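Trainee: Pasting the feature list from TrEMBL:
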ACT_SITE  A:Tyr107  active site
ACT_SITE  A:Asp152  active site, proton donor/acceptor
ACT_SITE  A:His256  active site, proton acceptor
BINDING   A:Asn9, A:Glu36, A:Asp152, A:Asn154, A:Asp255, A:His256  Mg(2+) binding site
DOMAIN    A:6-256  domain 'Endonuclease/exonuclease/phosphatase'
SITE      A:Asp226  site 'Important for catalytic activity'
SITE      A:His256  site 'Interaction with DNA substrate'
Amino acid sequence: MALRIATWNINSVRLRMPLLLRLMQEQQPDIICLQETKVEDDKFPFEPIRAAGYVHTAIAGMKSYNGVAILSRRPFAFEGPRHWCDKEDCRHVSVTLEDGTEVNNFYIPAGGDIPDPEKNDKFAHKLRFLREITGWFESVKGDGKRRVLVGDLNIAPLEHDVWSHKQLLDVVSHTPVEVDLLGKLQSSLGWVDAVRHFVPETEKLYSWWSYRAKDWEASDRGRRLDHVWVTPDLAPTLAGQTILKPARGWEKASDHVPVLVDLN
DNA sequence: ATGGTCGGTGTCCGA
């Protein structure tokens, strides 16, 4: 059975409900993983989402910051949110589909501006978060479960995942220390980057463009911060990818665009 | 080298 999964840092699910409905109609994903929903669970806008056919939901939200959600047309089991770094800051939900595939949706800490964990607690948090989830996946290695990992990982690992490798080497999201830790996370279960599976590493690829550029499209100073990974047993089922760049030009756009992957 | 813009909330913080 085919599965289309989408990940999107929506930057407020309430403000961008019309865009979420547009994504559903245009792309017909089976599963949508959202980050930065920025809403408490009792205020989550279930009604329009259910009406669009996404009747299965797993959410973990808080006031003002962070927040993740999995919206699905397929049934799943939800074991509740997981907590990392001794914080309940709504950065991860995972569910298990009926065929046993586990879907993990992460919002990894952005890490602030200064790429030094000694001087910047936010960067220290980002590095610790990466180490903790790596340890978690290493601990479940060998359990035979098929897994998908998606989300705003807030790291652009490859040279051509950023507009200028040289100019971003000291910029949080592309520094060697976090790229190295993302590589260790990727090694934990041998995760396959489902988008780069189809697009050569020599080709520029972005999923985020800053709000601060006068003309995001003309300057095109993007970064690929949003990812879809699958465990090696799922790699043969990969059928396609879409980074929905036009969504950056939608009215009242998020600064991130949806990333979609098709599995057979 | 600098500052630029968003969203949610509250008169700033985090991205």
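Glycine too: its Cβ is placed from the backbone N, Cα and C atoms.
Keep in mind it's a predicted model, so treat the numbers as computed, not measured.
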Trainee: With the Mg(2+) site defined by A:Asn9, A:Glu36, A:Asp152, A:Asn154, A:Asp255, A:His256, which remaining residues of that chain have Cβ atoms positioned within 8 Å of the Cβ centroid?
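Mentor: So the additional residues around the site are A:Asn11, A:Gln35, A:Tyr107, A:Trp208, A:Leu225, A:Asp226, A:Ser254.
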Trainee: Give the residue from the binding-site residues A:Glu36, A:Asp255 that has the most other Cβ atoms within 10 Å of its Cβ, counting over every protein chain displayed.
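Mentor: Result for the most crowded candidate: A:Glu36.
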Trainee: If I restrict to non-local contacts, at least six residues apart, and a C-beta distance under 8 angstroms, what lies near A:Asn154 (Mg(2+) binding site) in its own chain?
Mentor: A:Ile108, A:Pro109, A:Ala110, A:Gly111, A:Lys126, A:Ser173, A:Leu225
Trainee: Mean pLDDT for the domain 'Endonuclease/exonuclease/phosphatase' (A:6-256), rounded to an integer?
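Mentor: Averaged over the domain 'Endonuclease/exonuclease/phosphatase' (A:6-256), per-residue pLDDT gives 97.
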Trainee: Report, in whole Å, the straight Cα-to-Cα distance of A:Asp226 (site 'Important for catalytic activity') from A:Asn9 (Mg(2+) binding site).
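Mentor: Here the two Cα atoms are 8 Å apart.
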Trainee: Measure from the Cα of A:Tyr107 (active site) to the Cα of every one of the recorded positions A:Glu36, A:Asp152, A:Asp226, A:Asp255, A:His256, then give the nearest.
Mentor: A:Asp152
